[in-house]
Structure formats: C-alpha cells, structure tokens
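As written in TrEMBL, here are the features:
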type	residues	note
REPEAT	16-50	repeat 'PPR'
REPEAT	51-85	repeat 'PPR'
REPEAT	122-156	repeat 'PPR'
REPEAT	157-191	repeat 'PPR'
REPEAT	192-226	repeat 'PPR'
REPEAT	227-261	repeat 'PPR'
REPEAT	262-296	repeat 'PPR'
REPEAT	297-331	repeat 'PPR'
Amino acid sequence: MQQWFEMMQEAGIEPNVVIFNTLLKGFSRYGSMAQCNSCFDQMKAAGLHPDVITFQTMVYKCASKGNTEQMQLWYKKMEASGAEPNIFIVGAMLKGYAKNGDMKMCAQLYDDKVRGGKMKPSSEIFGIMLDGFATVGNVKEMQGWFNEMKTEGLRPNVVLYGILLKGYAKWGLTKKCQWWYAKMLADQVEPNIQTFTTIMDAYAEVGDTEQMLHWFKEMEAAGLKPDIIVYGTMMKGEARKGNIEGCQKWMERIVDDRLKPNPYIWSSLVVACVNARDTVRMEQYFQEMLLAGTKPNVVLFNIMLKGFAQEGNIVKWQYWYEKMLQSRVIPDAQTLDTVLFGKINAWGGTSETEEQRRMEKWLPQAQAWQEKYTSVLGSMGKNNRITPSRIK
C-alpha cells in the first residue's frame, strides 16, 4: 500500500484527502499507530485539511487498542478543526471505553453526544453498550440498555439477543437465559447456532450436562448443524466434572462430522483428565494431539503442569516444563504462580505437619527453577519471587 502511494507521488500525482484517508484506513486496520500518525503528518504537510473521516479513522485506531487517552486527544483535535462528530465516531469511542471496562465513561459519552447531541442511536451503538455491561458483569444495566433500545424504536435482532444471553450465561444465570430465549422467540427472532452455543455454555459453566444436552438437541431440532465451537462447549461441561468418557464421546462425534479438533478441543480432554486425576490418560491425549498435528499453546502446557503439580509429581512437572520451553512456548504468570504453587494446600495433606513437609520439599526446587528461568519469567512483566507466604 505504501509502495503504491510512493509510486503515485513519483508519477507526479498529488494525493488528496480521499487518498490519504484510504491510506490511513489501511494503516488503521493492518498497521501501527506510528504509521497512522506519520500518514496524518504527511497529510498536514501537504497543506490538506483533515475531514471527519480522517479523525474517525484515528479515533477508531486508538479505540481498538484501548488507548482512550489518545482517543480523547484526537477527538479534541477534530472539534478544534471544526469537523462535526457523527454517530460512527461516537460508536468508536464507546468501543474504546468498553474495551477498558469503563462503562461509566460510556454512559457519560452517550448522554453527552447521543441524548444531548440529538444523534439517532443505532442497533450497533446499543450492541456496544450491552456488550460492555455484559463483560463487566452488570446484568441489571445491560437489561436497562436493552429496554432503552426498544424505547428508541429499534427492534432487537439475533445479534443483540445473543449479547444479552452471553451476559447472563457468563455468570451462570441459566434461568435468565431460558427466559430471554423464550422472549426472543416471542419477538419472532430466529435463533442461530451462536444462540444455542451461548445457552449451552451457561450450563457448561455450572456443570449441568443434562440441560446442556437438552439444548444441544434443541439446536439440532431447529435444523442447525453443530460446529467445532458447539462441540468444544459440550466437552467443556463434561471436562469440568472430570468425565473423560463423556469428552471422548464428543470427540468421536467431531471425527464423525469430519471436523478438525483445535487446541481448545484437546484442552477439554486434558482438563477432564486433570479433574479426574488421571495423569496417564492426560499424557496419552497430549501425545495424540501432537500426532494429529496440533501445536500446543501455553494454556495446554499449563493444564498439563497443573495435573502433575496437584499429585506432587516433581519429576514429571519439570519434564513437561522443559518440553514447554523446548517448544518455544513462553510461560505466563499461571505457569509458575497459579498452576504450581497456588495449589499445594489442595494436594490432600492430611495434617498441618504433612502440608508443611510438602511445602519444604517443593520450595527449594521451586526457587531453583525460578533462578534457572529468570530470563524467561522476566518477559511476564511481574514479580514472580517465590516465598513460603505465597504458597497457600
């Protein structure tokens, strides 16, 4: 893109605002903030005046990164230039605040620019508000914004109902999910596969595999074919209960449907083994995954480490930790902190004396590992010093 721009200049063609905006749009989607800033500076140096699309693109880029400080700065530059804000710029700013979980600023911006500015809100604007409150777990406000949307005369679609269901599902509010599903049907909104996946996930979160299966059958009755995400959700519910056979049955369905298992699918099988305290099968599934050509990520390695950590198998833990590093997978904060040391007291010590012995056994080795892998742990950007007080 930059190459074509330079070729155009070499040919003596003077770029205009539209061309610079196109370039900015490309950098916004696929480039860096520095490239966006450079393009904007070139535009100004060429004596061109940025328009509302220019500032909209800059605001959008900042919002997508959650950089609300820079986002506000560009909005002020737009106001100073005399360009009039539109609903798309407001939507971009709402996304920026929502990305950071700052729903107070979202509500304030909506009041100032939409209600106060007499802008007509769209379904997309309400979708941002609903998703923001769903993410932070404020389901009361989420429902309030849904009702306001209807007051504004906007008809909720399957996407908006899906956001609402996701908000309730995230916190295991299964009865609310059922109620809103019925309301969606009453409003003659046809559910899609994401609708059913969300409801199944709500039951997976609370380990209700019976209801999970019920909604799977409801989905099939609606004429929808399960995809890999649906199967992953079903396996997640079984894995939480440590039901290895249940996970295996869903894995067989995946193979029968000629779908390719992804790391999320394999992680459910491994989690099931961890929860069933069956490290032999856990290793077997991990090896099957490697033979299937799936590359393990940090999540999968952490699950493996947790399985050996909870049974106190130091040798195996260290072996798989070494394998993790050899695979060029960078450990995260859970690798040493949560996965290993946060679970020591849950390993079944029958007395305070026995737990103390376990701690004394693990602590020197843990400190030695930390010294050995200081450079790797340093990339986490946090203090990972291991002390007895943290092993609780």
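Just so you know, glycine gets a Cβ as well, placed from its N, Cα and C.
Per-residue pLDDT, averaged over the repeat 'PPR' (262-296), rounds to 95. Summarised by DSSP class, the composition of the repeat 'PPR' (157-191) is 26 helix, 0 strand, 9 coil.
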